[in-house]
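*Asks:* This structure is in structure tokens; I'll ask about it shortly.
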């Protein structure tokens, strides 16, 4: 084995010289230069500095403006709530431990950080699944006269939390575990060991199949069918141009969210699977650190995509920030009027960009 396994940790360095120490008790500066830990702490501070206000603003503006409280936007709000969980429960912990160079908060802190990171990522993934299914049902109409209502949105929200919890909770109760990874200042699922009594192998397979591959298959199926339906509708002119444009714009926004999720999380998933299937092989602490910390940037991109691509939300946000006035009233107002008209003819009653 090209690493050192201890009680609730695995460090990717053989302890031939006796230098390896528990990541819960000693700084891990023998793994990488101390400046790297300072850089990680600064990176996490930046994510908190941007992630908290932008997600809180998304939540506040949507609750403040009644016209934004549409069923589909409930799912988008769910993404903001999940991101806030990651920022407050995970990022603050990681920033603090990075500043100390080891997981100074101990096992409890590791469980908290690992849980919130996993929960937030899974809520985001399953929210994208619900959005993809909604787009498929509304645009492709496999169910005639279907309208995505508030009840459907609430069921979708409950579904995302149940599925995310089914992935994030088991390591807290003995099916696998959360341990420090990479530079030992952030925590994740134990892909590294076959520790007795934790059944890591079965959990990792369960997680990859049920909480990564199956959701992605559903998303790709829905958008594959959606692409065909949009082309057919455009060719046949079955619906008004306004309705088609509204549906296309909503679908485009959700597709970009899916692509951004894949860009952020696939490197982490790929490295984790490699480590799991090559347990005991040699790799450095940065091998997992880079994709793990890159994945954390997902807390920023969803609200940014929403703000950039949803003119109605952007108008409401500017109005809120400018004390009820929009200095870009002519431009944003025209866009909002156009989009409100498009929304009124959309069978999903959403607010597209």
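If you go along the chain as it appears here, the first residue is 1 and each next one adds 1.
Each Cβ is built from the backbone N, Cα and C atoms, and glycine gets one as well.
Grabbed the feature section from Swiss-Prot, which reads as follows:
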TOPO_DOM  1-36  topological domain 'Extracellular'
TRANSMEM  37-61  transmembrane segment
TOPO_DOM  62-73  topological domain 'Cytoplasmic'
TRANSMEM  74-96  transmembrane segment
TOPO_DOM  97-110  topological domain 'Extracellular'
DISULFID  110-187  disulfide bond
TRANSMEM  111-133  transmembrane segment
TOPO_DOM  134-152  topological domain 'Cytoplasmic'
TRANSMEM  153-173  transmembrane segment
TOPO_DOM  174-202  topological domain 'Extracellular'
TRANSMEM  203-224  transmembrane segment
TOPO_DOM  225-252  topological domain 'Cytoplasmic'
TRANSMEM  253-274  transmembrane segment
TOPO_DOM  275-286  topological domain 'Extracellular'
TRANSMEM  287-308  transmembrane segment
MOD_RES   296  N6-(retinylidene)lysine
TOPO_DOM  309-353  topological domain 'Cytoplasmic'
LIPID     322  S-palmitoyl cysteine
LIPID     323  S-palmitoyl cysteine
REGION    330-353  region 'Disordered'
COMPBIAS  334-353  compositional bias 'Low complexity'
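Set these features in their place in the structure for me.
*Replies:* The topological domain 'Extracellular' (1-36): residue composition by secondary structure is 3 helix, 6 strand, 27 coil, according to DSSP.
If you look at the transmembrane segment (37-61), the same-chain residues 6 or more away from its ends with a CB under 8 A from one of its CBs are 28-29, 68, 76-77, 80-81, 83-84, 86-88, 91-92, 94-95, 98-99, 101, 183, 185, 289, 293, 296-297, 299-300, 303-304, 306-307, 313, 316-317, 320.
Helix, strand and coil content of the topological domain 'Cytoplasmic' (62-73), in residues and according to DSSP, is 9 helix, 0 strand, 3 coil.
Tertiary proximity for the topological domain 'Extracellular' (97-110) is limited to same-chain residues at least six positions away from its ends with a CB under 8 Å from its CB atoms, namely 8, 23-29, 34, 37-38, 40-41, 44, 178-180, 183-187.
Within the same chain, residues at least six positions away from residue 110 (disulfide bond) with a Cβ under 8 Å of its Cβ are 8, 24, 103, 178, 179, 180, 187.
Sequence-remote contacts of a segment are chain residues at least 6 beyond its ends whose Cβ falls under 8 Å from one of its Cβ atoms, and for the transmembrane segment (111-133) they are 72, 75-76, 78-79, 81-83, 85-86, 88-90, 93-94, 97, 105, 156, 159-161, 163-165, 167-169, 171-172, 178-179, 186-189, 211-212, 215, 218-219, 222-223, 254, 257-258, 261, 265, 295-296, 298-299, 302.
Each residue in the topological domain 'Cytoplasmic' (134-152) has a pLDDT score, and their mean in this model is 81.
Beyond the transmembrane segment (153-173), the same-chain residues lying 6 or more positions past its ends with a Cβ under 8 Å from any Cβ of the stretch are 71-72, 74-75, 78, 82, 111, 114-115, 118-119, 122-123, 125-127, 129-130, 134, 189-190, 203, 207, 210-211.
Assigned with DSSP, the residues of the topological domain 'Extracellular' (174-202) fall into helix, strand and coil as follows: 3 helix, 8 strand, 18 coil.
Residue counts for the topological domain 'Extracellular' (275-286) under DSSP, helix first, then strand, then coil, are 4 helix, 0 strand, 8 coil.
If you look at the transmembrane segment (287-308), the same-chain residues 6 or more away from its ends with a CB under 8 A from one of its CBs are 12, 40, 43-44, 47, 50-51, 54-55, 57-58, 76, 79-80, 83, 86-87, 90-91, 94, 117, 120-121, 124, 181-183, 186, 188, 253, 256-257, 260-261, 264-265, 267-268, 270-272, 275, 314, 317.
For residue 296 (N6-(retinylidene)lysine), the number of other Cβ atoms no farther than 10 Å from its own Cβ, over all displayed protein chains, is 23.
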*Asks:* Out of 187, 323, give me whichever of these recorded positions has the highest number of other Cβ atoms within 10 Å.
*Replies:* 187
*Asks:* Going along the chain, which residues at least six beyond the ends of the transmembrane segment (253-274) come within the CB cut-off of under 8 Å?
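*Replies:* Beyond its ends, the transmembrane segment (253-274) has Cβ neighbours at 79, 121, 124-125, 128, 131-132, 135, 188-189, 191, 204, 208, 212, 216, 219, 223, 287-288, 290-292, 294-295, 297-298, 301-302, 305-306, 309-310, 352-353.
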*Asks:* Within 10 Å of the Cβ of residue 322 (S-palmitoyl cysteine), how many other Cβ atoms can be counted across all chains shown?
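*Replies:* Here the count is 11.
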*Asks:* I need the CA-to-CA distance for residue 322 (S-palmitoyl cysteine) versus residue 296 (N6-(retinylidene)lysine), whole Å please.
*Replies:* 30
*Asks:* Measuring Cα to Cα, how far is residue 323 (S-palmitoyl cysteine) from residue 296 (N6-(retinylidene)lysine) in Å?
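*Replies:* Cα of residue 323 (S-palmitoyl cysteine) to Cα of residue 296 (N6-(retinylidene)lysine) measures 32 Å after rounding.
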